[in-house]
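Taken from Swiss-Prot, the feature ATP binding site applies to G71, P72, T73, A74, V75, G76, K77, G78, supported by sequence analysis. Per Swiss-Prot, domain 'Guanylate kinase-like' is recorded for 64-243.
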Amino acid sequence: MEGRIRVTEFLLSVPAIGTTKTQDALRRLGIAPSKRLGGLGRHQRLRLRVFLIEREERPVRRRKHLVVLAGPTAVGKGTVSAYIRENYPEVLLSVSATTRSPRPGEVDGVNYYFVDDAAFDRMIAAGDLLEHATVHNAYRYGTPRAPIEKALDDGRSVLLEIDLQGARQVRASMPEARLIFLLPPTWEELVRRLTGRGTEDAAEQQRRLETAKVELAAQNEFDHRVVNHTVADAAREVVDLMMVRPAPVRPSTA
């Protein structure tokens, strides 16, 4: 049965390799992407075995953490992430792509990559996004894959600020990722923050609050929860959690 598995699928199942590294490995090993394990020649099998042994012996400390920060609308994810970017240079904050228009003060390539729907479709088709989702039934957001894989291989910790849908996709594709849920002190404070920022009309505010209820109900899916009383304290707690040694993978109860 194992011999029928394509080498591409086999490599993608190895932790921390990913699509980009798999493609590079196949080129170096001289193995076609469509080749199956059972169809490898003797020299190809040997090269693949050596490649896997070398990866296994590589110092574990080089591979840092991928951490996802998610939470309901207006909880302050962007503000906390910006604080981490400015005050914790050892952490790489991933820049997402989005189809929405820039808000006042946002800079393309720093806060987001602002793209149109056609460009976003091309990124999906090319497999360039680690995750993507439509948020608030309006705009699409996605995380470019290549910068994250390169940063992790270079030994940097990476923080992704994404929504609940994206967090679930990352958990499915990268189980070793650490998921942190950012909470408001109270529901009333969340409503105050949303209505006070003045970037949405009343109908949009109501839609976002309904989405927030769904997101808050899913907080137990996350590894850690942080309450955003103040930006500095929440940011410090998120960074501290990024540096904690990961717990063993929990066995499935299925």
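Any Cβ shown, glycine's included, is placed from N, Cα and C.
Since we're looking at a predicted model, the values are computed, not measured.
Here the binding-site residues are A74, V75, and the one with the most other Cβ atoms within 10 Å of its Cβ is V75. Comparing Cβ neighbour counts within 10 Å across the binding-site residues G71, P72, G76, G78, the minimum falls on G78.
Cβ neighbours of T73 (ATP binding site) (same chain, under 8 Å, six or more residues apart in sequence): H136, L194, R208, L209, T211, A212, E215. The Cβ of K77 (ATP binding site) lies under 8 Å from the Cβ of L69, A70, G71, E161, L182, each on the same chain and at least six residues away in sequence.
Annotation note: G78 (ATP binding site) sits in a helical segment as assigned by DSSP. Sequence-ordered, the extra residues of this chain that approach the ATP site, with Cβ no more than 8 Å from the Cβ center of G71, P72, T73, A74, V75, G76, K77, G78, are L182, P184, L190, R193, N228. In the three-state DSSP scheme, T73 (ATP binding site) is classed as coil.
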